[in-house]
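Asker: To start, I am sharing the structure in question, which I have written as structure tokens.
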Amino acid sequence: DNAILAEDKHKPMYKDMVDTFGDKVEYVPGGATLNAIKVAQWLSGVPNATTFFGCINKDEFGKIMENKAREAGVNTKFQYTDKEPTGTCAVIVTEKYRSMCANLAAANCFTEEHLETPENWKLVEKAQYYYIAGFPLTVSPSTVIRIAKHAQASGKVFTMNLSAPFLCQFFKEPMLKTLPYVDILFGNETEAETFAKENNFGTTNIAEIALKIAELPKEDNKPRTVVITQGSNPTVVAKDGKTTEYPVIPIADKDIIDTNGAGDAFVGGFLAQLIQGKPVEECVKCGNYAANLIIQRSGCTYPETPDYK
């Protein structure tokens, strides 16, 4: 149930999976940030309400990714590279737990230069809300900081995700540099516990950890909101010195196909309400709706129209 980056020793597994499982292998366009944005876009019902930046190759997987994101109504502005193939992530589902091994490949080639293109920076300026998973901290932390600083200077909302335990461990420095600009931080219980351990919080209590993260220094006087999901246990939200717990929608084990993309879907649901100015409880409610729906399907996929009420 972890997420890691592929080292050379892991790279043969992609071909091995295809050779071993053949047509049982499913191909789902993903990526943590894009998953969340696609779900937010789907729930918003407004075409091109969202824009996504990332780096791909113009190869077969790159074309699928671009087409699927556009079909989802997302305005994609990809940076292209021919140095590496489009990134892939092997997802192995054991019972209902997902284990991910990401070969970043082209995604590793994303550079801050992409923001220099006038039409791209115009989109950054036009946006009112920003969401970046923790993963780009491994590739282009300067891009993350630049967008975060723009959001803060313009009085907009910048949101981020802890995304994986290894990021809290090995990319602690860029993460802590970005946090002063983060208005809403998402994560799950394992990531929160790792963050707490790495930063010597001296507690494993999720509510206490969420509060401590919320109270870390911030560049402006807007309070930071920290949202920690805990699988089937209640979602913890820390803000203004207090924590609130929101129960998730109950689901029978037999109805769970896989948990791949559940955290991303939660963020997408949360953001879909946030951009409409809804209160935190409504954002969490929609996040739980989206996560509950996604775990009953393979990968981060959803039906044609939402039935969220």
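Yeah, the Cβs are placed from backbone N, Cα and C, and that goes for glycine too.
According to TrEMBL, the feature active site, proton acceptor maps to Asp264. Sequence annotations record features per position, and here TrEMBL assigns domain 'Carbohydrate kinase PfkB' to 15-303.
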Asker: Over the domain 'Carbohydrate kinase PfkB' (15-303), what is the model's average pLDDT?
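Answerer: For the domain 'Carbohydrate kinase PfkB' (15-303), the model's average pLDDT rounds to 95.
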Asker: Going along the chain, which residues six or more apart from Asp264 (active site, proton acceptor) have their CB under 8 A from its CB?
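Answerer: For Asp264 (active site, proton acceptor), the qualifying residues are Ala32, Thr33, Asn35, Ala36, Val39, Ala133, Ile294, Cys300.
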